[in-house]
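**Student:** Pasting in a structure now, in structure tokens, and then I'll have a few things to ask.
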Amino acid sequence: MDCLSPWLPVDHVTTYLSNCGVITASTVVTFFDSFLDSLDEDNTSQRRKDALVYICLSSLPWCGRKLYNDESAELSRLMKTIGEYVAQRNHDHYTLLSNWRSEKEQRMEDNVESLWGQIKNLSKNNWDDEGFILRPYIGFEGILAEATRQNLPRFLLPPHEEQFVYPKPYMPFRLFQMDEVGEEDGAPLPANDSIGRFIVEENLTTLFFTFYRERKECAVRLLSYSNKSKVPIYHMIVEIMFSFAFRIPEPIVQDICFATIFIELCKLQPQFMPQVLALATELIFEKLDNITRPTADRFTNWFAHHLSNFQFRWSWDEWADCLQQDLESARPAFIREVLEKCRRLCYHQRINETVPQDFEPLLPNEPVIRFKYRHDEDEEEMSENPAVACSRKLEYAIRSKAQADEILDILKDVPKPTEPENDDDKDYNPNALDVFLQTLMFIASKTFSHSFAALSKYHTMLKRLARNEGAKVKLLQILYDMWKDHPQMIVVLIDKCIRAQIVDPASVAQWVFSVDMAHHFHRYFVWEILHGTIFKMKVHVERVADEYESIKSRLDQAAIKQEEGIEGDETQGMMDSYAAFAPSESEVETFREKLENAKIEQKNLFLVIFQRFIGVISEHVAKHGLAVEEDEMMDSQEIAVQGKNAIWLQCTCERLKEVFLRNESAVLGYDKQLSELLFTPDTVAPALNVFTQFRKLHA
């Protein structure tokens, strides 16, 4: 939890007490000054200052009118101080945190700048909140006016310390515009820069986080919002929930939470909520060209889950026009990923029967294994292809539960390639690995469980056959070649290989960026694999660190007991017994080395990933340039190719941003190595710009 979260309710309670006449308005000003004093601190990060300024700004709608009436000069001074700070803030992180690729759909501004604009408009309107804030104490103004007001003493905010974590900035997500909400939807939608928009969003946010663990109760509370008659409540609920789901770098809560609450909302308001949700889906779909790829992934996950709860019914024909576009462009690619995700949630034939035939180019292939050593050839053909004969022997040996030595003897008959592709091929036989893994997976292809059991049983054999970096990448490519029509199987099998230590995380990263995967580089399942690999590495480091801290603590406790030197035979005997069960120095050293090795492995994983990112971006820029350069002599096809290349570069940079942001705590620990080894002044500009933006986000 960030160190300033407890101050938000304290600040709000203070403003309520001021409104009720319990404390003086000057006390509130003093309270705000305690936060704003940090703006003059030297060597203080912008993130700390932003968090403190946001606390003050978020309270002003509630107490601004009181301060305007009682402390007008002081309020003007506070506004001037905040305005000067907001004007000189660094904005380089905007593109890093935005869901949009440009300002075509929405002006780029983070939560601080957005709220400052809303507060300025509130100030121009003489702090009139237009009745959006409930003020139940107004009915008791006569009594409260006679109450004795108290003064709170001024306090000093604790200075920054290394362990302090501050709230991350974020970009408000706006989906609906005022002209997209009709009169039939009730009240008009508040403008983006109106204080009403902020107050309603703040109230809905509070309701959501209070009740989201109980989806039915959460839906009821959202629909029962007290000011729902003043706004198009269904549109605002949908927008605020999508803003949570699309928050960069990760959703505020688990993805499935939003899908389940949307379903409950549709059940409670079947006449209105499904239509508004459909409108939101259509708007996002139409704007996919301007939405970042990680945001599109979130949209894909939600939409597939949503369809699975409504029998996969959708007005697909209305999206048929996108089939005239390049199938790799944003909207056709989105439909393809949705259909693939839907298949995970049901079965292949159901999807084929549900979607119109026009969408056949985007339908996933039947999820069957591609086994290239089929045994249906005649004997003459088998004699010409010894790998097929070897595969038949292997299948018989595996089904007969032969020993490892027998299997190795069979694999010795598999010839090595005449011309190795690289130096790693000299240290192992890629053909033997291919025949063994293909045959093993074919035998175990009936279910996930069969495949898992096969990898577990023969993991020692696989580690022996894939004993170097090149062999491990080859093993992953073999799995992909066999199951390319079943991405879910690829994801779970690679996860199993990592857990069984058949391959290491760095090998997975090498494979993702390999030439063989270039055509599928931006497919969802590829990044699902990479992010899952990074997460497993993180969990491993944390687990080893906990083990080390635990055993070190036991050793320290034993040393303290020994130093106490309590006299008495009985007590001394107990102390000796305690020391006997305490870990030894050598055991602690073993765990320390294990932790160091885990951290080195994690660092190497990130170095490989960022090095590969720089490599593919550099290669692309060298081949295609940085941007589209139209020429009168170029035909439309050449212009389209250049546009496609520019979009590929943009998507790749978005993936690089995603890796940085999702792993910021770990990556920040390698900041020096990254700046010295990889992101140097000579690094290709798009990659270096992302790294620079990431560093400035934490400056």
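Backbone N, Cα and C atoms are what each Cβ position is placed from, and that goes for glycine too.
Sharing the feature lines straight out of TrEMBL:
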DOMAIN    14-109  domain 'MIF4G'
DOMAIN    226-357  domain 'MIF4G-like type 1'
DOMAIN    382-665  domain 'MIF4G-like type 2'
**Student:** Using DSSP, what's the helix, strand and coil tally for the domain 'MIF4G-like type 1' (226-357)?
**Tutor:** 95 helix, 1 strand, 36 coil
**Student:** Mind checking how the domain 'MIF4G' (14-109) divides into helix, strand and coil residues in DSSP?
**Tutor:** 67 helix, 2 strand, 27 coil
**Student:** Average the pLDDT scores across the domain 'MIF4G' (14-109) and report the rounded value.
**Tutor:** 88
